[in-house]
Amino acid sequence: MTAASRVVRIGVLELQGDFLEHRAMLKQCGNDIQPISVKGKQDLDNIDGLVIPGGESTTMGRLLAEFDMLETIRELGLQGLPIFGTCAGCILLAKDIVGRPTQTKLGLMNITVDRNAYGPQTESFETQVYSPRFKEKPLRAVLIRAPTIVQVGSGVQILACKGSEKEPILVQQGNLLASTFHPELTEDTRIHLHFLDIVKAYTSLQ
C-alpha cells in the first residue's frame, strides 16, 4: 500500500458522550479514514490519532484510570500521538482546572479551564464564530455545558475565539487540539479535517 492510500486509524474514546457523531464525522472526511472504537487499553494499539468526546469530565477521568488507560494515553500524547478533545475532552487535556486541583486528568496542554462556565444544559447555546484559520465561512459552535479556556500558556496557538470578548474556544499545542464546543454536532467537517492534517503529518514521520 502506498503512502497516499494508507488507511488512517483514528481511535474514538467510547466511554461517554457523542462518540457516534465523531465516528460519523470522521467517515465523512475521507475513504482513507477508519474510526476505531476505544473502550479499553488494548484498543490504543496501532492508532494514528485519538478523539476524546464530551461527557462528564470527572466520570471520564475516573473511568480512564479504572480501565488503565489514563497513563497510556498521557504517554502516547507526550510521544506525539495527535489527540483531539472536545468539551469534556478539552477539560481532560488541560493542565489546570479552576477550583479542582485534584481532578483526574491527562494534563497535557498548557491551558487552564473553568468547567461548566455556561451553566446547565438549558442555558447552553449555539453561536457563529469567525476564525482566521477557517476563513471561508464562520464556524458553527455548539456549546453544551461548555468549559471556558481562561488561560493559555506557552506553545499554545489560538485557532478560534468566541465573540467580542475574544474567549479562546479552539486551541492547538503541537499534536494536541482542544475545543470547548461540539463540532461533531454540525455538518461542518473543517475542524476534524484540521485534526486529520495533524495526524497525517504525524504518520508521515513514523
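The backbone N, Cα and C atoms fix where each Cβ goes, glycine too.
Here's what TrEMBL has on this protein:
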BINDING   Gly55, Glu56, Ser57, Arg115, Ile144, Arg145  L-glutamine binding site
ACT_SITE  Cys87  active site, nucleophile
ACT_SITE  His182  active site, charge relay system
ACT_SITE  Glu184  active site, charge relay system
- Largest separation between Cα atoms (Å) of residues that the record links to L-glutamine, namely Gly55, Glu56, Ser57, Arg115, Ile144, Arg145: 13
- Task: Quick one: pull the CA-CA distance for Arg145 (L-glutamine binding site) versus Cys87 (active site, nucleophile), whole Å only.
- Result: 8
- Query: Near Glu56 (L-glutamine binding site), meaning Cα within 10 Å, which of Cys87, His182, Glu184 (active-site residues)?
  - Reply: Cys87
- The answer, for which of the recorded positions Arg115, Arg145, His182 has its Cβ ringed by the most other Cβ atoms inside 10 Å, is His182
- Note on the structure: Between the C-alpha atoms of Arg115 (L-glutamine binding site) and the residue listed as 'active site, nucleophile', the distance in angstrom, to the nearest integer, is 9
- Which of the listed recorded positions (Glu56, Glu184) has the least company, meaning the fewest other Cβ atoms within 10 Å of its Cβ? Glu56
- Note on the structure: Per the 10 Å Cα distance test against Ser57 (L-glutamine binding site), the active-site residues Cys87, His182, Glu184 reduce to Cys87
